[in-house]
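Peer 1: First, the structure itself, so that you have it in front of you.
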Amino acid sequence: MCTGVRFSDDEGNTYFGRNLDWSFSYGETILVTPRGYHYDTVFGAGGKAKPNAVIGVGVVMADRPMYFDCANEHGLAIAGLNFPGYASFVHEPVEGTENVATFEFPLWVARNFDSVDEVEEALRNVTLVSQIVPGQQESLLHWFIGDGKRSIVVEQMADGMHVHHDDVDVLTNQPTFDFHMENLRNYMCVSNEMAEPTSWGKASLTAWGAGVGMHGIPGDVSSPSRFVRVAYTNAHYPQQNDEAANVSRLFHTLGSVQMVDGMAKMGDGQFERTLFTSGYSSKTNTYYMNTYDDPAIRSYAMADYDMDSSELISVAR
């Protein structure tokens, strides 16, 4: 399971991050794909003549960078989140469309587009084709894509591709995005305000303290509950002005829905936990990351690497 969040500062800079929740690590690390790095897309999907530099969290499999989440120097970011039971992809390319393998979709987006507007326009003629990396299972995902202005959710299901405008700038897992947005209506009465004294009959009632207005916000770690909680937190967090404060906001917001070892078993009996939290700031083109066992937040600035290199860069944590 996973959670994603996006917001911007008063200068329009992107802050985008995610939790990756699972029972084991894939050996993920910070990967930098410079502008000069060349790779062939599986089905020949086109792109920029001069592609963007990309930084994010992922693994190298079959000699390819495969990103869980990533961003480019223009402030466009993308993350794949688990979506089993709903995600449905074709297994062969469709003639007359731009065919993109599911595992290369994050890199293809970040490498070739500068904004959500550009991505949304391109998706009108894109087919997402399921391709399984040798030794791995099919990835059943939906995607959260954001920039300094807005975010969208891309869900490929049996009835086709759905591109949703995400007005709360968060995403979790299944059910569908439409369900999550409808479910928010159950929580319209919650508030971050201090509850006013009231009377019931002859009894005068006062709040115990701060937080009473939040009564009803779910505390479990299921996908619908995390969506509600992170949407509430993202909507009510005070606007911040500088990089450090916004990175703190990003990690605290995602911390409100982190999964702790022992809280929730998966079907195989293993406990799910937040393996890592990652985030990106377009203000400084810096990726941030911490892990379950090392909560110190590490920073990885694009400026520290040769963004015109022809070599893929894997950064040891």
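Note: Cβ is positioned from N, Cα and C throughout, glycine not excepted.
The shown structure was predicted, so the numbers you read here are calculated from the model rather than taken from an experiment.
Taken from Swiss-Prot, the feature active site, nucleophile covers C2. Annotated deoxycholate binding site per Swiss-Prot: C2, R18, in sequence order, evidence recorded as similarity to another entry. What Swiss-Prot records for N82 is taurine binding site, and it gives similarity to another entry as the kind of evidence.
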Peer 1: At the level of the C-alpha atoms, what whole-angstrom distance separates the residue listed as 'taurine binding site' and C2 (active site, nucleophile)?
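Peer 2: Distance between the two Cα atoms comes out at 7 Å.
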Peer 1: Sorry to bug you, but what's the C-alpha spacing from R18 (deoxycholate binding site) to C2 (active site, nucleophile), rounded to the closest Å?
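Peer 2: Pair distance, Cα basis, whole Å: 7 Å.
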Peer 1: Within 10 angstroms of the C-beta of R18 (deoxycholate binding site), what count of other C-beta atoms is obtained when all protein chains are considered?
Peer 2: 28
Peer 1: On a count of neighbouring CB atoms within 10 A, which of the recorded positions C2, N82 is highest?
Peer 2: C2
